[in-house]
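K.L.:
Pulled these features from TrEMBL for this protein:
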ACT_SITE  Asp239  active site, proton donor
BINDING   Arg48, Gly49, Ala50, Arg89, Gln198, Asn249, Lys250  substrate binding site
SITE      Cys159  site 'Transition state stabilizer'
Amino acid sequence: MSEQVVPVIWRGDCLEVLDQRRLPGEEVWHSYRDSVGVFEAIASMQVRGAPAIGISAAYGVVLAAFAARDEVDWRIAIERAIDELAESRPTAVNLFWALRRMQGCLEGIGSGSEACAVLEREAIRIHEEDAAANRRMGELGADVIQEGSDGPVEVLTHCNTGALATGGHGTALGVVRTLHERGALSMVHMDETRPWLQGSRLTAWECMREGIRCSLNVDSAAATLLASGRVRWVIVGADRIVANGDVANKIGTLNLAILARHFGAGVMVVAPASTLDRETPDGSGIVIEQRDGNELRRVGERDIAPAGVAAFNPVFDVTPAALIDVIVTEQGVVRNPARHTNPLASLV
Ligand code: MRU
């Protein structure tokens, strides 16, 4: 069995980023020594997935601190980098959560070199905590799935929520991994996830490397798969879970939740506490990233639509809490979130 992949490696003076745009064909690593480079790596989707974005941004702040170490205005330079990194992508709340944690470390710090040491420790802590949270969520989520099954299960997942999207193991794919480790997984079905193909390029790659039984389908085959009755659970990650339990995740998640409700499958959302946004009351307040229409008109160098045709390309959607059966975090499990006045209250 191959070792689990990692999306980023902190080398003490630079951040190495695996360019996920080139997978599965090539494993290309880039090395960044400043926060502008890390900003570009996030904005251009070399590194993606909500927790991995937060982790990378935290290291970006460390690099900004290193560059400003001997400046009189070191604090202003670090805060400027934090503001810039916050503009890299709008939807995953883990980015803002990590930047706020880094910003909080600056309180009471008296020099640029002290800031470097404190910020580096904090970024490493954010990274390690995420890996541990994923392991815990894997156990909790797998327990819920095994409660109602009398043998290995088939599940359906969307996008990539694996080691590549996190500090290790994965969120939704972490539950799949844990089921696999327990001998309780008969198959993970993977939506290809147009237009970036995180399902076919990344999730399939992770699963194949580790011998996890997997099968790829076009996004629009999900209805047929769920209608067959083979798949009892749809398992997805999240970019933001707001106070009433509504969930922003990769475009197409809402379709799956509607289908799952129709065909009687469960919907499990798996995300660390860093994905919780208690300040936004409901899904209508979530900023949904819109990307260039060329992502739909072209595949690589090839036109797959007439040049200039109008295109609608939101890359996330919002699934209402009423369509979610279980939210799993490392702090615990919330069943039927829409039945609670404050569904996130028990997660502390
Ligand atoms: O656009 P991406 O690839 O960053 O979107 C990723 C997703 O939507 C994931 O499902 C989500 O970030 C959870 S990753 C553990």
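Placement of Cβ uses the backbone N, Cα and C atoms for every residue, glycine included.
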K.L.:
Among the binding-site residues Ala50, Arg89, Gln198, Asn249, which have a Cβ atom lying under 6 Å from any atom of ligand 1?
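P.N.:
Within range of ligand 1: Ala50, Gln198, Asn249.
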K.L.:
Using Cα coordinates, what distance in whole Å links Lys250 (substrate binding site) and Cys159 (site 'Transition state stabilizer')?
P.N.:
7
K.L.:
Please give me the CB contact count at 10 A for Asn249 (substrate binding site), counting all chains in the structure.
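P.N.:
Excluding its own Cβ, Asn249 (substrate binding site) sees 29 Cβ atoms within 10 Å.
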K.L.:
Could you tell me which of these binding-site residues, Arg48, Arg89, Lys250, has the fewest other Cβ atoms within 10 Å of its Cβ?
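P.N.:
Per-residue Cβ counts within 10 Å for the binding-site residues Arg48, Arg89, Lys250 bottom out at Arg89.
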K.L.:
Within 10 angstroms of the C-beta of the residue listed as 'active site, proton donor', what count of other C-beta atoms is obtained when all protein chains are considered?
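P.N.:
Other Cβ atoms within 10 Å of the residue listed as 'active site, proton donor': 30.
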K.L.:
Which ones, of the binding-site residues Ala50, Gln198, Asn249, have a Cα no more than 10 Å from the Cα of the residue listed as 'active site, proton donor'?
P.N.:
Ala50, Asn249
K.L.:
How many whole Å apart are the CA atoms of Asn249 (substrate binding site) and Cys159 (site 'Transition state stabilizer')?
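P.N.:
Cα to Cα, Asn249 (substrate binding site) and Cys159 (site 'Transition state stabilizer') are separated by 9 Å.
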K.L.:
Would you list the other residues of this chain near substrate - those whose C-beta lies within 8 angstroms of the C-beta centroid of Arg48, Gly49, Ala50, Arg89, Gln198, Asn249, Lys250 - in sequence order?
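P.N.:
Here the non-site neighbours turn out to be Ile53, Ala92, Cys159, Asn160, Thr161, Ala165, Gly237, Asp239, Phe316.
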K.L.:
How far is it from Ala50 (substrate binding site) to Cys159 (site 'Transition state stabilizer'), counting Cα to Cα, in Å?
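P.N.:
Their Cα atoms are separated by 12 Å.
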K.L.:
Using a 10 Å cut-off, grab the number of neighbouring Cβ atoms around the Cβ of Ala50 (substrate binding site), all chains included.
P.N.:
28
K.L.:
Could you tell me which of these binding-site residues, Gly49, Gln198, has the fewest other Cβ atoms within 10 Å of its Cβ?
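P.N.:
Counting other Cβ atoms within 10 Å of each of the binding-site residues Gly49, Gln198, the minimum falls on Gln198.
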